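**Q** Here's a structure for you.
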Amino acid sequence: MSEIIRQVMISGRVQGVGYRAWLAHTAEAMGLHGWVRNRRDGSVEAVLAGSEPIVSEMIARCQRGPSAARVEAVVAEIAQPDVLNLRQPGERFSILSTL
């Protein structure tokens with residue numbers, strides 16, 4: 001099965017509620033790799049890579065998020081493999097610094 005890569009932007013009340021940690025833990029548990037970070041505009045950005053059904057399921061879960069989050073929108077776009085280079089060396093899924 002071929003791998004797909006999606007760049008996902010999540011907006012709403014998604015900072016200060018454990019969203020990045022939840023996303024990283026959930027994605028890793030599902031066998032995905034990539035990264036997640038806060039953005040200064042209050043949104044969360046993630047890159048998810050893996051098989052199409054698993055990436056699609058994770059994007060659907062992003063619409064709910066952790067219990068304290070209030071997600072308003074999730075936008076996913078096709079991403080190029082080079083975006084995965086932002087991960088920390090040796091990690092399957094990284095939590096990056098705010099951009």
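Cβ atoms here come from the backbone N, Cα and C positions, even for glycine.
The shown structure was predicted, so the numbers you read here are calculated from the model rather than taken from an experiment.
This is the feature table in Swiss-Prot:
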{"type": "ACT_SITE", "residues": "Arg20", "note": "active site"}
{"type": "ACT_SITE", "residues": "Asn38", "note": "active site"}
{"type": "DOMAIN", "residues": "5-97", "note": "domain 'Acylphosphatase-like'"}
**Q** Among all the protein chains here, how many other CB atoms are within 10 A of the CB of Asn38 (active site)?
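**A** Excluding its own Cβ, Asn38 (active site) sees 19 Cβ atoms within 10 Å.
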**Q** I'm trying to understand the geometry here, so how far is the Cα atom of Asn38 (active site) from the Cα atom of Arg20 (active site), in Å to the nearest whole number?
**A** 7
**Q** Summarise the model's confidence over the domain 'Acylphosphatase-like' (5-97) as a mean pLDDT value.
**A** 97
**Q** Would you count the other CB atoms within 10 A of the CB of Arg20 (active site), including those on all shown protein chains?
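**A** Its Cβ shell of radius 10 Å holds 22 other Cβ atoms.
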